[in-house]
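Enquirer: Let me give you the structure first, and then I'll get to my questions.
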Amino acid sequence: MSPQTETKASVGFKAGVKDYKLTYYTPEYETKDTDILAAFRVTPQPGVPPEEAGAAVAAESSTGTWTTVWTDGLTSLDRYKGRCYGIEPVPGEDNQYIAYVAYPLDLFEEGSVTNMFTSIVGNVFGFKALRALRLEDLRIPTAYVKTFAGPPHGIQVERDKLNKYGRPLLGCTIKPKLGLSAKNYGRACYECLRGGLDFTKDDENVNSQPFMRWRDRFLFCAEAIYKAQAETGEIKGHYLNATAGTCEEMLKRAVFARELGVPIIMHDYLTGGFTANTSLSHYCRDNGLLLHIHRAMHAVIDRQKNHGIHFRVLAKALRMSGGDHIHSGTVVGKLEGEREITLGFVDLLRDDFIEKDRSRGIYFTQDWVSLPGVLPVASGGIHVWHMPALTEIFGDDSVLQFGGGTLGHPWGNAPGAVANRVALEACVQARNEGRDLATEGNEIIREATKWSPELAAACEVWKEIKFEFQAMDTLDTDKDKDKKR
């Protein structure tokens, strides 16, 4: 009999139901460096105290169940249980609280995002005592980070592979996203790449449909890449979407891409799943392929402010599972993204060490212990007038991706690509000369139109296009104080 069992045997077994807070609410607990820490936004049902709600989250996402069980005596709950160690009210909300929960590291399988999420965001999200529950942030301890390989290559290795430095990379999603034949699709890629873009991209729902089978698409896109490289003298790429119905088929597509000699492939990591994504990331690392990640389905999980998982958590999970790029919103385009929140998880994707900063929605200090960084991808409803803001917001280590903002150019794809490249080069040069992109951005673009007719035409087409809707996911503030200001 183990010492743990001997300790428990003397306590005896008392059947029945008891409040979670008696066991799992421990405000005196001092967190350990090896604990996984979670910040949950908890909305209890009427009549449920916040301490009980927080304790229920800790219990149901670790060792607890709805009643006392005799097998509790066969292990040490003090060693393995999750602990709610803090509760704080959410400013401006009547019945929402941030519950802080600490999990012992031994609860989780090494190198498995799948297992981590199965525990922390599993059945507890359907718990009846909670009206709503949202995972706002995680602190991943360095001991656990070191069990993950992370991105296949990372930012610096990608720049070295592409031989491109000192500016954001430029991309384009081929449109229409569905319906083109493989040959016409490849032609669209070629026109964009020869015009000055670094990458073109499969849309997230392009897999292997009757109108364009994956092998045909891969062949014609590879032809486009090599032809554009020969003409421009620059390394080019196309995000070949390897996402498939099975992991075996996904890896078969990745192998074919490697045999073609292309530099990068793509995966839809949420619809494809973390197990598939980690497997694909390992293959890319071993075979010299960059891996672009699309976040299709993320808004189902992260858009509601009081329920689900915040994207900063999904971004951390992707950095652990593996990917060299990930879509991160634009702040200025057609998709959801509040500026400070977006900058917060962009830092979490790129930097080695990120301090706690609630003004950016970061609840915990995170040390990635040299895990490679991920390039954020700004994509969705952006065009040349957005270039100064995008360059200022995202900086050099990013990918700026213009789909309609390239292919919608009145003169065609190649002139659309030229317009974007000229606008980017103008913004980077102006920034390097000390000009303020935030205040002088429109003037910088207008100056560049004087020597680029392609840019002038693009500016004329999109001069009235704006996406002015309030973000759903915003930082918490005291609403009463805001009204008085």
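Backbone N, Cα and C atoms are what each Cβ position is placed from, and that goes for glycine too.
Straight out of Swiss-Prot:
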MOD_RES   Pro3  N-acetylproline
MOD_RES   Lys14  N6,N6,N6-trimethyllysine
BINDING   Asn123, Thr173, Lys177, Arg295, His327, Ser379  substrate binding site
ACT_SITE  Lys175  active site, proton acceptor
MOD_RES   Lys201  N6-carboxylysine
ACT_SITE  His294  active site, proton acceptor
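How buried are these features, and what lies next to them?
Expert: In three-state terms derived from DSSP, Asn123 (substrate binding site) belongs to a helical segment. Long-range neighbours of Asn123 (substrate binding site) (same chain, six or more residues apart, CB within less than 8 Å of its CB): Glu60.
Lys175 (active site, proton acceptor) has a Cβ environment of 16 other Cβ atoms inside 10 Å.
With a cut-off of 8 Å between CB atoms and residues at least 6 apart in sequence, the same chain places Gly171, Cys172, Thr173, Ile174, His238, Tyr239, Met266, His292, Gln401, Gly403 near Lys201 (N6-carboxylysine), listed in sequence order.
The 10 Å shell around the Cβ of His294 (active site, proton acceptor) contains 28 further Cβ atoms across the protein chains shown.
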Enquirer: Distance between Lys175 (active site, proton acceptor) and Ser379 (substrate binding site) at the Cα atoms, whole Å?
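Expert: On Cα coordinates alone, these residues lie 13 Å apart.
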Enquirer: Please report the DSSP secondary structure of Lys177 (substrate binding site), reduced to three states.
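Expert: SS state of Lys177 (substrate binding site) = coil.
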Enquirer: Where does His294 (active site, proton acceptor) sit in DSSP terms: helix, strand, or coil?
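Expert: DSSP assigns His294 (active site, proton acceptor) to strand.
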Enquirer: Which residue, out of the binding-site residues Lys177, Arg295, His327, shows the minimum number of other Cβ atoms inside 10 Å of its Cβ in this structure?
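Expert: Candidates: the binding-site residues Lys177, Arg295, His327. Fewest Cβ atoms within 10 Å: Lys177.
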Enquirer: Could you tell me the C-alpha distance between His294 (active site, proton acceptor) and His327 (substrate binding site) in angstrom, no decimals?
Expert: 6
